[in-house]
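**Q** Below is one structure. I have some questions about it.
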Amino acid sequence: MRVLGIETSCDETGIAVYDDKAGLLANQLYSQVKLHADYGGVVPELASRDHVRKTVPLIQAALKEANLSAKDIDAVAYTAGPGLVGALLVGATIGRALAFAWGVPAVPVHHMEGHLLAPMLEENAPEFPFVALLVSGGHTQLISVTGIGEYLLLGESVDDAAGEAFDKTAKLLGLDYPGGPMLSRMAQQGTVGRFTFPRPMTDRPGLDFSFSGLKTFAANTIRANGDDDQTRADIARAFEDAVVDTLAIKSKRALDQTGFKRLVIAGGVSANQTLRLKLADMMQKRGGEVFYARPEFCTDNGAMIAYAGMVRLRSNLNSELSVSVRPRWPLSELPKV
């Protein structure tokens, strides 16, 4: 079975072809970072228009990369939510139209389920059950996963997501959009311990997160200490350490609560090397394992959508002919497989 995956939920156009026997056959990605950089964030209308321009050419490029034609595709999977409604509609409309024209099923995919299943693309794929830490620009969640579609939300951010806090703090430090990865690189030059940031909501029971206060703490620290290069690097280091420690503390609690031995980290922030090393060390001490996708599959991409679509299609969970998207869509509402 060969599935074409289409990802257009935000500011990346991702197209991929996944074969259930041969694995990933093609992966094409176009990032709109330069388009939105001057605005300091994603402009929804510009994102939608750029997806209109790029999606079909990338589909053609993916088919060429895989040395396939339309007749070789058995299904089309597309991101149906959550995300920006205009951007989602571009991918959904094109995906649905191609499926109709080619006479194959169309499968709407939950964007965060795509992220959650992305580590399954690796050779060392996790087995169920596991705790999933989903960390991106729009979501920070801890989820108990006992099977496909068997998702129990354990905790989530009550305000800013971790990735959003990274980007906002990076902007305070004078870094360009998207600043999260730049902040992490700056943090590598920082002095450990010069500044100490709080670990929000770790002094009380529960698995929810809060990161908006760290941004305010960073702003106050910058004002009080100046913004020379070394001070900025030291602040970046303190901020990143605070976020990583908070994620690790909450993940440990989730593992204790569930009794699971496996931890999956997914989403754009899961590419952060400091976070990976921290969680790997934690899981080694616990006698467990941590799983994550390669960096190119941590950020938005078509490969995770193609794979998730294939999993859903195996259970005949394709949808009707109408085009519909869900900008807000809880993972808990997905059907079990």
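Every residue, even glycine, has its Cβ placed from backbone N, Cα and C.
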**Q** Of the residues ASP167, ASP281, only one is listed by Swiss-Prot in the substrate site with LEU134, VAL135, SER136, GLY137, GLY138, GLY180, ASN272. Which is it?
**A** ASP167
**Q** Fewest other CB within 10 angstroms, which one of the binding-site residues GLY137, GLY138, GLY180?
**A** GLY138
**Q** So which one is it: of the binding-site residues ASP167, ASP300, which has the fewest other Cβ atoms within 10 Å?
**A** ASP167
**Q** Using a 10 Å cut-off on Cβ-Cβ distances across all protein chains shown, tell me which of the binding-site residues (LEU134, VAL135) has the largest neighbour count.
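**A** By the 10 Å Cβ neighbour count, VAL135 comes out on top.
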**Q** Other than its own, how many Cβ atoms are within 10 Å of the Cβ belonging to SER136 (substrate binding site)?
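**A** The answer is 23.
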**Q** Based on DSSP, name the secondary structure state of GLY180 (substrate binding site): helix, strand or coil.
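**A** Note: GLY180 (substrate binding site) is helical by DSSP.
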**Q** What residues, ordered by sequence, lie under 8 A Cβ-to-Cβ from HIS115 (Fe cation binding site) and sit at least six positions away in the same chain?
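**A** HIS115 (Fe cation binding site) has long-range Cβ partners LEU134, SER136, ALA266, GLY267, CYS298, MET304.
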